[in-house]
Amino acid sequence: MAVLKILRMGHPVLHRIADSVVAPDSPEVRHLVRDMLETMHDARGAGLAAPQIGQALRLFVYHVPSSRCQDGEAAIEPCALINPVLMPVGEEQMVCREGCLSIPGLRADVPRYKRVRYSGLNENGMAVSGIATGFHANVLQHEYDHLDGILYPERIKDFTRFAFQDETPA
Ligand code: NI
């Protein structure tokens with residue numbers, strides 16, 4: 001296993017549409033997922049998308065720690081979603097306080113859908129699907145955006161609360 005270098009905003013791989021994973025159950029993809037999980041933990045992130053470590057592939061890893069659960073939401077152990085599909089369920093939105101390992105130190109309020117339906121393959125190449133709410137829905141939408149070359153500043157509607165994490169916006 002290895003901790004990989006995380007690319008920062010401005011690197012071209014972060015700003016392009018990533019390619020589908022052709023062999024989701026290959027040893028190479030399993031190895032990549034393991035390294036991405038280790039990198040995510042090392043950086044104390046909730047999620048990490050393959051473009052952030054320089055691989056323009058449609059795959060991300062994430063977890064939902066119990067400390068981030070809202071309204072009885074269940075914690076989710078670290079896992080991968082490969083070739084994911086996301087669809088909003090309803091039009092209702094929520095405001096999420098987001099950061100990104102590719103934009104260190106900053107936070108902003110970002111509108112996201114409250115509920116999303118997700119599907120894809122997990123770290124074992126098995127099909128998974130479900131409906132996510134709360135922080136789970138937030139992290140899925142943030143990581144999915146990375147696969148389309150979108151970083152959260154492009155989603156900000158209210159820039160008055162775009163700030164360094166160790167400052168307190170008014
Ligand atoms: Ni990010």
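Just so it is clear, glycine is given a Cβ too, placed from its N, Cα and C backbone atoms.
These features come from TrEMBL:
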type	residues	note
ACT_SITE	Glu143	active site
BINDING	Cys100, His142, His146	Fe cation binding site
Q: Taking the Cβ of His142 (Fe cation binding site) as the reference point, list residues of the same chain whose Cβ is under 8 angstroms away and which are at least six residues distant in sequence.
A: Gly47, Cys96, Glu98, Cys100, Val110, Arg112, Tyr152
**Q.** Non-site residues, in chain order, whose CB comes within 8 A of the mean position of the CB atoms of Cys100, His142, His146 at Fe cation
**A.** Gly47, Ala49, Gln52, Glu98, Leu101, Ser102, Glu143, Asp145, Leu151, Tyr152
Q) If one looks at the chain holding Glu143 (active site), which residues at least 6 apart in sequence have a CB under 8 angstroms from its CB? A) Gly47, Leu48, Ala49, Phe60, Tyr62, Leu81
